[in-house]
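Accompanying notes for the structure given below.
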């Protein structure tokens, strides 16, 4: 295959993976908001456990159909990943509860520099000046869009700190495990989803009761609420899978940068469906800055010397030849 054709095929795959992640992520936000606002189902951690139960069922079907092959993931690495992932889920929920919306958004934005730090420290990635500046522009634009009041308290800061670092470590670990053990997105999800499902279904009701002072066994389930729960779990299968696919194709930093486009799309969809409420000159300016930064980042990181480049200290078969293709 000609190099240009191969590059075009990879670019098309990257766009498809990103669109898959955007559609499922935005969809699950809308469904979960409706579930909480209309039916009072505020058990976010338990709901995430249900998401992973559905994802586990999907991996069982895929294994039966032959799309997931037998693979090996050491128990120690599996448990570390699940620990990071569960701390990320619980930490984000607690951070949202204990912090102002402004500080919660600032904490989420800080995941990009934290992800950069992890990749520089562990993968010896180097960033050009333009790449670094483009990341700053993206952060600035999203901050202008989303950050309003910013108030900080000690316990909220600790929750945000745990949430940010555990999320960054989880996303880094997805890419690390896929490279180290030559695991596809399906294979890795097949290993991790059952353990996350079990652990979150055990811890979820306790965490949710602590956060909301409500017990899930006292929730009055109705047919409409069950329909929304099933819909949420169904979309979550795509969300979980698309996250693994995207981090496998990109780096954790690129996934975070491109992922902020979802924030912009949610704001735009809010304007289209709910009118001009919440849309002002500050939001519009922030959108323009963020989109400019994302375009700049794409160009800067793909240029020679500006691309996120991995060292060749880790080589695992055919994977080692593909490391420099990650952007």
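Yeah, the Cβs are placed from backbone N, Cα and C, and that goes for glycine too.
What TrEMBL records for 12-35 (among others) is transmembrane segment. Residues 41, 44, 47, 225, 228-229, 231-232, 235-236, 238-239, 242-243, 245-246, 249-250, 258-259, 261-262, 265-266, 269 of the same chain sit 6 or more residues outside the transmembrane segment (12-35) yet have a Cβ under 8 Å from a Cβ within it.
Marked as domain 'Sugar phosphate transporter' by TrEMBL: 23-297.
Residues or ranges marked as transmembrane segment in TrEMBL: 41-66 (among others).
Residues of the same chain lying 6 or more positions beyond the ends of the transmembrane segment (78-96) and with a Cβ under 8 Å from any Cβ of it are 44-45, 48, 104, 107, 156, 159-160, 162-164, 166-167, 169-170, 173-174, 177, 191-192, 195-196, 199-200, 203, 207, 211. Under the heading transmembrane segment, TrEMBL lists 78-96 (among others).
TrEMBL lists 133-150 (among others) with the feature transmembrane segment. Through the fold, the transmembrane segment (133-150) approaches residues 100-103, 105-106, 109, 112-113, 116, 127, 253, 257, 260, 263-264, 267, 282-283, 285-294, 296-297, 300-301 of its own chain, all at least 6 residues removed from its boundaries and within a Cβ separation under 8 Å.
Cβ atoms under 8 Å from those of the transmembrane segment (156-174) belong to residues 80-81, 84-85, 87-88, 91-92, 94-95, 98-99, 103-104, 107-108, 110-111, 114-115, 118-119, 122, 188, 243-244, 247-248, 252, 255-256 of the same chain, restricted to positions at least 6 beyond its ends. Positions annotated as transmembrane segment by TrEMBL: 156-174 (among others).
Taken from TrEMBL, the feature transmembrane segment applies to 186-207 (among others).
Annotation comment: TrEMBL describes 219-241 (among others) as transmembrane segment.
Annotation comment: TrEMBL describes 253-275 (among others) as transmembrane segment.
Residues or ranges marked as transmembrane segment in TrEMBL: 281-300 (among others).
The region 'Disordered' annotation in TrEMBL covers 303-327.
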For this session: Any chance you could find the range in 186-207, 219-241, 281-300 with the most Cβ pairs under 8 Å to the transmembrane segment (41-66)?
Result: 186-207
